[in-house]
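**Student:** The topological domain 'Lumenal' annotation in Swiss-Prot covers 1-63, 113-173, 227-261, 306-354, 399-423, 492-527, and the record cites sequence analysis as its basis. Among the features that Swiss-Prot reports, transmembrane segment is placed at 64-84, 92-112, 174-194, 206-226, 262-282, 285-305, 355-375, 378-398, 424-444, 471-491, 528-548, with the record citing sequence analysis. Per Swiss-Prot, topological domain 'Cytoplasmic' is recorded for 85-91, 195-205, 445-470, 549-888.
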Amino acid sequence: MTFTINNTNSTVFDSTNNENMTISEPVQPVSKGPKGITFSGETFIVPETHDMVKTLFDPTVKKSNFELIILSCLFSNLLVFLISNNQIRIYIFIALYIFWRLSYNFGIGWLLQNQSNHNLLVSWSQKYHLFDPENKGALAQSIQNEIKSQRGENYDIKSMPVEFNTWLIFRKFVDLILMSDFITFCCVVFCSAIKDDYQFINNQSSWLVYSRIVLGSGLILFNLWVKVNAHNTIKDYAWYWGDFFFRQINNEELIFDGVFEMVPHPMYSVGYVGYYGFALIAKSYVVLAIAIFGHFLQMIFLHYIENPHIDKIYGPSKNEINLIKILKLKDLKNFDNLKPLVGLTNFNWMRASDIVNLVLSLTYGIIIPLFANSIKSLFILTVGMKLFESISINLSLTLQSYFKIVTKWSLSNDIPVEKSFSNWAVLYNSLINLTYSSLFGMNLGYFLQKSGSDSPSSGLLFSDWFYLRVFLGLLLIYTQFWINFSIIDSIGYFGWFYGDFFIPKSQSSIKNITTAGVYRYLNNPEQIFGVCGVMGIFLIYPTVENFVCVGLWVVNNFIRINFIEKSHMVKLYGEQEVNRDSGVTKTVKKHLLPEVIQRRMSNDEAYTRINGTTHGRRRRSSNLHRNSVADSLDNFIRDLRNSSTKLSQQKLIELSQNLSFANSDYKLTIDGLKMQSTESDELKYTTIGTPVTVSWTSPTENHSVRDWIGLYKIVQTSYSRNKTILSSAGRWTWCKEPKGSFIFDKEKLFWEEGVYEFRYHLDGKHDVAYISEPFEIKSIELKVPEFKEDAIKFAENLKLEIFDKVIKLTDISEAISPIANQSDNVIEVYKLISSMISKSTKINITYKIFLNQGDDDLLSIKDVAIKLINIKHVLEELSYNITDKKDV
């Protein structure tokens, strides 16, 4: 059944997919009811119709000729019960069910496919003039009589389009096949349940029997609610595939309301859970098998018949399809324009990382289990791998979210963010592969060791219902695969590998949180379904080891989604955007919660939006604990950022200034130092690379030409105030005259931040005569501008404050490398410049930024300035203020 939406606000019919359609005048007077239009452009008023249950089983509704035939066919199934052998009855009903199921999926499917592609059924009607009153043929007369018996004697067949009349006849074939399919299935259920003296209530404990019946009945009732809700939503038009024959004006879009907002294709997915409820009540693997058989054929019907027609009628236009293709190709630019490895999908023999993943997966999944001595060792390996993966991935994402460690490291080494993200994707996928390979290997080892023993079921927590466990386990494993690929289809590889943590929104094709695909129905589909495959493995092999692994997988998944991923998404897109109701939540609120509770929840949410936090963030009661934990983490990180371990300035002064020098005849004064503030205990300072002039005075009678001054770090000399036992490493000068001065610059300076002092030494020895006041060498603060238009001014500041202190360039456009290559050690020069830039701008870069210049080696100061602006732009887009979380 297809499903459409009634868009009452639309007044223009969208014929994007039917370019040749023209609209003619209605063929009958306008009356109440929806307006239809055929694919040839003929418009008409669609008369009211009834569903098959009301049509066939409501005694107040007059039955048509075909409907009487259908009822006769349905009741004829009772003749089978005249056979006394119940097993033969089961075989007969199974054969009948298979016949009707094949008639449904392949018979109706073939008719619908040809109607969609070739207008086959309508062409037949026109070819044989089935609705022409002048046609006196037996077939035409019987079909016309059938329509009149449906619509009444006053129904004017000729006034209605052939398409609509053909649809009315097609409906009766659908009624016959669908009702016969369901009735024969119910007969199989009944016969299977009562065989062997009502086996469905025997040979089991009472609690288990009641549990089966209650759970099975619940599935059946839920199935019934799905069908009723679906029919109330899409009406007869879509229930009977009306859009294969004509269109209803203002029904140009797919509907996502009611149960259609809860799960994708509910008529084909959860619309069959009742079949499994019947199997549970009947306690029959036969019923389970034919339920799986019928459901499988229905999914084939959906894939090959329903979906192609939906895409044809309601799908995107050619331009939209091309746009989608382009976006998917853009998604691959982060992965060298190749689909990245996900598990072992998209494997490429030409990628070294793929080969390594394959080797590791085979090693941990097959080779190690073949040679392992015990299951315990495999269990320890699996737990160890999962803990390693959980801690490393969660810690990496947390640090990237708050501190951008991966991005900063990459940009500092002049590595594009796309490349760093690609490397992260390889690491992430490799660790995930190792965990699942280890889990598979543990269970393979268990199978190999137990299969040869006398009691293969020993060690299992339970060993009953093996085939049921295998079916449910494989179903859960398949569900995880399906969910994972659905997630990738919705958010791309960018979203799958947490691209929001690494790539700024301006450089990504994803600007907002998606609500398409599987995310239309669930906000976090991977919350449960992302690990349900591990639960499936536990069902197949219910060992203690697998139970522990399920716990590890679930806990890690919960922490990663709720405390890392969701926290980052809230700060990036806003809490209201992230916490919007999913389709399932909307459906539960609308259809399954009492109205009084709905009003209360609506009032609570409205109150919270108005009287919530100072930032206007919406909170829900179920999120209070999680938010409080997340806020505690934020507070901890904020305190960590704001904390410092600097020694007090007064303590530094006490360490530096030896009071015994207060009345000394020797003096040292430092010229050109700057004051940090007006407070007396604040150290004077200079900036890195700025020459420092020191003046000395010594008594003439005691002066020696071998007196000398050295520059030292206080933290290295504070333990010895009267004698220096540390080398000055070349940062010294002779004091040949009793009075004089000397400029410390270039190699005689420390090119790093810290607190320093000058020491006056006597007669070429290390005896200290005087220690200067302490002073601080600190980085100049340079603000990186927001826009590239300010790059020239910023480059001038870089040249003045940093480059001119190391190398001499004539202007900001001159190439750096030719001048730097003239130095004795060009790498050290680059390291020094990059260090000064990093400290001055608070943007970390490494010397490699000067090496990745291309073939022309024309990197200039202006180019460096532009690179810094770009890096700042990337980091700011990925960052947020912890104390002021973003809200939308």
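Every residue, even glycine, has its Cβ placed from backbone N, Cα and C.
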**Student:** Same-chain Cβ contacts of the transmembrane segment (92-112) under 8 Å, 6 or more residues past its ends?
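**Tutor:** Sequence-remote neighbours of the transmembrane segment (92-112) are 77, 80, 83, 120-121, 170, 173-174, 177-178, 180-181, 184-185, 187-188, 191, 241, 244, 286, 290, 293-294, 297-298, 300-301, 304-305, 309.
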**Student:** Give me the DSSP three-state residue breakdown of the topological domain 'Cytoplasmic' (445-470), ordered helix, strand, coil.
**Tutor:** 12 helix, 1 strand, 13 coil
**Student:** Restricting to CB pairs under 8 Å, which listed stretch, 64-84, 262-282, 285-305, 378-398, 471-491, is in contact most with the transmembrane segment (424-444)?
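**Tutor:** The stretch I would name here is 378-398.
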**Student:** If we skip the immediate neighbours and take only residues 6+ beyond the ends of the topological domain 'Cytoplasmic' (85-91), which ones have a Cβ under 8 Å from one of its Cβ atoms?
**Tutor:** 187-188, 191-192, 194-195, 286
**Student:** Take the topological domain 'Lumenal' (492-527) and average the pLDDT across it for me.
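**Tutor:** That region's mean pLDDT is 75.
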**Student:** Report the listed stretch (262-282, 471-491, 528-548) having the maximum count of Cβ pairs within less than 8 Å of the transmembrane segment (378-398).
**Tutor:** 528-548
**Student:** Six or more residues beyond either end and a Cβ under 8 Å away: which residues meet both conditions relative to the transmembrane segment (528-548)?
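**Tutor:** For the transmembrane segment (528-548), the list is 375, 379, 382-383, 439, 442-443, 446-447, 459-462, 469-470, 472-477, 479-481, 483-484, 554, 557.
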**Student:** Near the topological domain 'Lumenal' (399-423), which residues from the same chain, at least 6 beyond its ends, have a CB less than 8 A from one of its CBs?
**Tutor:** 333-336, 340, 497, 499, 501-504, 507, 564, 567-568, 637, 838, 843-846, 848-849, 851-852, 867, 871, 874-875, 878-879, 882
**Student:** Residues sitting near the topological domain 'Cytoplasmic' (195-205): Cβ under 8 Å, six or more positions beyond its termini, same chain?
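**Tutor:** Same-chain contacts beyond the flanks: 86-87, 90, 212, 281-284.
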